Every structure is written in C-alpha cells, then in structure tokens.
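Student: I have a structure here, written as structure tokens, and I will follow up with some questions on it.
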Amino acid sequence: RRWRRWNRFSRRRCRAAVKSVTFYWLVIVLVFLNTLTISSEHYNQPDWLTQIQDIANKVLLALFTCEMLVKMYSLGLQAYFVSLFNRFDCFVVCGGITETILVELEIMSPLGISVFRCVRLLRIFKVTRHWTSLSNLVASLLNSMKSIASLLLLLFLFIIIFSLLGMQLFGGKFNFDETQTKRSTFDNFPQALLTVFQILTGEDWNAVMYDGIMAYGGPSSSGMIVCIYFIILFICDILLNVFLAIAVDNLADAESLNTAQKEEAEEKERKKIARKESLENKKNNKPEVNQIANSDNKVTIDDYREEDEDKDPYPPCDVPGEEEEEEEEDEPEVPAGPRPRRISELNMKEKIAPIPEGSAFFILSKTNPIRVGCHKLINHHIFTNLILVFIMLSSAALAAEDPIRSHSFRNTMLGYADYVFTGTFAFEIVLKMTTFGAFLHKGAFCRNYFNLLDMLVVGVSLVSFGIQSSAISVVKILRVLRVLRPLRAINRAKGLKHVVQCVFVAIRTIGNIMIVTTLLQFMFACIGVQLFKDGDVDSPVVRERIWQNSDFNFDNVLSAMMALFTVSTFEGWPALLYKAIDSNGENVGPIYNYRVEISIFFIIYIIIVAFFMMNIFVGFVIVTFQEQGEKEYKNCELDKNQRQCVEYALKARPLRRYIPKNPYQYKFWYVVNSSPFEYMMFVLIMLNTLCLAMQHYEQSKMFNDAMDILNMVFTGVFTVEMVLKVIAFKP
C-alpha cells in the first residue's frame, strides 16, 4: 500500500513536471543543442571536433531517452502512445540506441548517415506550441497529409504506368551515340522511374524527348510519332497543380483558425472588461448607473469591433481625406438615368481628397486662395494625365541612355530632358506640399508612403544635379537610383496601388511559411551532409588526376542548403542527382550508378519542399489578394456570389436579332445563317490549315504548284463568303 501511494505521488509529480513550461523549454534547449551538433559536421573536420560530436550525440541520446522514459512513467504507456509525435519520438530514440549499440560492438561501421539523428530535428517544430499563428499553420499542414497522400498515390500510379510503357518503347535504345553515356534512360525500372519523375518536374524533358526521337531514326522518319508519349506525360504535370489547390485550402483553414482565435480572445477581453466595470458599479451601489454603464459598454465594444474591422493593414500612415472617403462610401448614390451603373463604378469611384485642416508651411490656411488653387490644379485630370506622360517619357529617356559613350550627343540631349523632367516633378511635389502641408498635421504630404517614394526619387535627381563630378561613387549610386522613377506611377494608378499594397501585406505576413520552409531545408541539408559530404568528386582524366569537387556539394550545412535550393528550383537538379548516385565515400572517386537508392532522398525533398511548400507561397499570395479584394465590400450586405450575379445582370447587353425586310437580301441572310453553311466553312478552314501545315523544307516543284493552286482556291472561297455576308447583313 505504501508503494502504491508513493507510486501515485511520484507519477503525479512527474506528470506535472512533464507538462510544465520549464520542462518544455528544457527539451527545446536540448533540441537546439542537438541541432547545433549535427549542423557542425563538415568535410575534413578535425579529430577533436569528431570526438566532441560523438560524446555530445551520446549525451543527448541519453537525455532524450530519459525524457521518453519519464513521459512513459508519468503518462502511462497507453496515454503516451496516443500522441503521434510521441510515437515518432520513441521510434527515433530506439533507432539511435540501436545504431549506437551496433557501432560500439563493431557489428557494423559507423554509418555517418545517422538519419535518425537528423530526423530528430523535427522536434524543433515543438517551439510552435506558444506561437499561435505558426502553430495553426503547422496544424493545417499536418491535417492536409491525407489529401497529399491520396494525390501522391495517384501520381505514383501515373509514374509507374509511364515508366513501364517507357521501358517497352525505349529500353536499350538510347545508345545511338557511342561518344556520350546517357543518364536519363529507360534501360531498367528504377532508371525509368527517375526519368519519368524528371520529365514531370519539367527539367530538361525536351532533351529526353529528342533522345527518344533519335532512338527511332530521327525526325525525318517515323520517330516523330514517339513524341506523343512525352507530350502526354508532360500534360500529366497538371496533377502537380493540385498541390497548389491543397495549399490554398490549407492556408484558408489556417487563416480561419487565426480569425476564430482572435475573435475568441476579443470576446474574453470584452467579458473581462464588462465584469470589471460591473464589479466597480456594484461597489459604488449605483444600480441605475450600472445598467446604463452596461448598455454603454456594449455600444463601445461594438464600436471597437467596427474599428478593428475597418483597420486597413497597409499603409499605417494617414492618407489625406481618408475619413471623408469612408463616410462617402457607406451609401453610394445611384445616379438616375436610362442605364444603371455597375457596382464597381459605384464603390470604386475615386474620391478627391479635400484640403486637410491645419496650415501649410505655417502661413497658408485652409481657405487661402493659393492653397485652394493648388488643390484644384493637382486634382485636374489634365494635370494628372500630364504627370503620367512625363513619368513614361522619363522612364523611356532612362532606357535610351548610352552606357558606353557617356558624352555622346544622345546622352547630352537626354541630360537636358532630365532637367525638364526633374523640374516638373519637383514642381508637382511643391504644389502637393502646398495643398496638404508638409508633415506636422494629419493628412500631410509626407505621411503617405507613396508620397515619400515620390519625394525620394525627385530628391535623388536633385542631389545628383548638385554634385557634378562623375568620378564620385556616391553620384553614380544616386544616378542609378533614378531607375525608381517608374514607381511613381504606382501612386497615380489605383489598381496598381492596390496590387502593391497586397504584395506588401503578403510579404509582411509570409514569415511563418518562411520559417517552416527554412526548417525543412535545414533538416534535409543536415541529412545531405551525412550522406554526401565529399562524396561527389569528379575524376575527369585517366592521366594525371585532378581531385575536383562539384560546384554544388554537401561538404557543410550551408553548401548543402544552397545545393538543395537549386534542386527546389528544378534547375539542373538531375546532374546533381547523378553525381550523388555515383558518389562512393570520402576521398574516393565516383562509381557509375553506385547508390541508386540515394535518389529517394531527392524525390522526397522535391515532393515536400518544391511541390508543396513552394506552392504554399503562391497560395498565400492568392489568399491575400482575395482577402484584400473582399475588404472593399466589407460594408456591403451582399456576399461574393450575389455581387457577381448583380454585376452580370448590369453588364448584360442582349443582342437584337437582325432580319432583313428585302426578300432577296433575306435569302442571302437565310443561307449564311444556316447550319450547313457554317459546317461547310468550318471544313474548308480545317482543310486550309492542313494545307498550310503540309509545307516543308526541300519540297518539290509539283508540290509547290499544288499548294499555290489550293491557296488560291481557298482564298476565292473565303472571298465569296465575305461577299455573301456583306450582302446579307447590309442594313
């Protein structure tokens, strides 16, 4: 009985310790130490570093084993194995123990791979426990594994089918060039799988197709027929776009989780404030005031909610006339007339920013005639269009400069034009600063990011004019910054400005995806270092050997991350793959197809990072643009589908059916509108296209004459069709 009591007490204490924040951060520190130990491995490292790494790995393995045993004891085996992460952790620890025992007993040589040790880096995702947005993203990615598994199964079936078909068509037939050994072949099943996967990624697939054509005699014979196989296989690349759809769906789920949690937090804060005020009112013994305070509190909370919903994530600076625009956009006036205007014309009509309160340059009041005149001038459509023309001409002048002959006549004339452009832009900024003020009051010119961009571009040009010596490097840099002039058009085109705002919002909130992708990249880089460090060397000549390393290698973690980044872009990744396959070991030359199974590492990396995570970035931009587009209609009671229906009804322009009253003209109209006439013209168009496609190089004179006659016949027939339609549809 005493033992049971002590057992329950110790398990309760251990369970509390395991679930404490201190234990959590202790494990995170161990994970970071494990990460540092693994990432410090590199080629030609000193012996003392290898010994330290071995000792550190054994100590960390012992600590992770203790963590696993403590969790098993405190939670119980059944509760411990409920968590998938605990199962994975147990698998990693047991694998590390098994590997250590086998190496110490010299039953097997040290693998150096220690993939189990590297996969333990996945523990670093536990840091997302106290990072809500990142935790929601990781949770949505894990929840999508079922959809991804189904897609991968379908993709794997396609790869197997086309690999077997490729072996039947091209097996042993890529040996037509004895001077060069082909690596992308269909000589065996594993090689066929790699070749088909390479074609699906789109990297150098046309070279494989041309090899297949040459294997059947070249393009002058029936070898062109085999290109159908490669075209169909490349079309199956559409399956990879499903990754993008899954990514968009996952991001939408993550955003909905974030929104729900924010609303829940706001609701808790709201209840907390209401409870606090209620207690204060009870202490004051003022029940009537309490009721009034509660009602006022509700109104205030709703106001807070409306203010939170109305907040625009970009830009945080004040825009002149922003409040007035929001008030005017609440209830747009529908103009009376024979044709109702579109919703986009009502809601997206550009409003003129009024003159803000406060004095400009401390001397010009809001009603000053000079300030009012400047306001009218800068908002006049002729002035706005003229500035846009000057921006385009200035950009064209920058593109027309001669970078080699700096003192040529063309550059001299463009320099004079640059003075005119810069003076015009400076005059525009002076007018706007006179209208809106400089900086101090709300709605001032310099409180808008796009206006600051305009001021930067013009200021750079003015400073470069002030310093005439072209030998000064600062002047050269300032003149290079003139290329920012086309960006001034952003502030004058509403659609372009909206796109730029969406891009900035996406960049600002894309950090979570960057963190997840970087962690995955780092994990695969560590595994790559264990697998390939100094294993992909080339021995190019049989004579005097040159020990030359590959440009992209896995000798250390940074080089491995760079090599894997090139793989994720699909640029030249098959060459790196076959170098890794031929790699034998440290300081040993390559052997042809020595480790084909290494290709599994590259395939898994491409599927996880290149296919899925890279599409996550694209999906995030799509979701951001959708959210920013919906914010324009946040005060509209119609949903997206209802707005589209109304938009479609307003934009509909039904066509009147024209029927001629003249009986002779009616006969022509009846003929050209009949179905047989349409089918006949369609057949003639297809025949004409076929004749044009039959022309080829070194065709005979008889063939040329026949093609010319057919072209004249088709031209005559189409001319008759045109005449008939002109007669039929002439009003």
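Heads up, the Cβ atoms here are built off N, Cα and C, so glycines get one too.
The Ca(2+) binding site annotation in TrEMBL covers Glu203, Glu571. Taken from TrEMBL, the feature compositional bias 'Basic and acidic residues' covers 261-286. Annotation comment: TrEMBL describes 320-333 as compositional bias 'Acidic residues'. Look at TrEMBL and you will find 22-255, 380-632, 675-731 tagged as domain 'Ion transport'. Among the features that TrEMBL reports, region 'Disordered' is placed at 259-345. Look at TrEMBL and you will find 21-39, 59-82, 151-170, 223-248, 382-400, 499-532, 557-578, 599-625, 679-697, 709-729 tagged as transmembrane segment.
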Student: Note down the number of other Cβ atoms within 10 Å of the Cβ of Glu571 (Ca(2+) binding site), including every protein chain shown.
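Tutor: Step by step: centre on the Cβ of Glu571 (Ca(2+) binding site), count other Cβ atoms within 10 Å, giving 12.
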Student: Just to confirm: which same-chain residues, 6+ apart in sequence, have a Cβ under 8 Å from the Cβ of Glu203 (Ca(2+) binding site)?
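Tutor: For Glu203 (Ca(2+) binding site), the qualifying residues are Phe570, Glu571, Gly572, Trp573, Pro574.
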Student: Which residues of the same chain, at least 6 past either end of the transmembrane segment (709-729), have a Cβ under 8 Å from a Cβ in it?
Tutor: 658, 660, 665, 668-669, 671-673, 681, 684, 687-688, 691
Student: Report, as numbers and ranges, every residue of the chain located at least six residues beyond the transmembrane segment (557-578) whose Cβ falls under 8 Å of a Cβ in that stretch; write 'none' if there are none.
Tutor: 39, 41-42, 183-184, 194, 198, 201-204, 521-522, 524-526, 528-529, 532, 536, 550, 599, 602, 605-606, 609-610, 614
Student: Counting each residue once, how many in the domain 'Ion transport' (675-731) are helix, strand and coil under DSSP?
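Tutor: Tallied per class, the domain 'Ion transport' (675-731) gives 48 helix, 0 strand, 9 coil.
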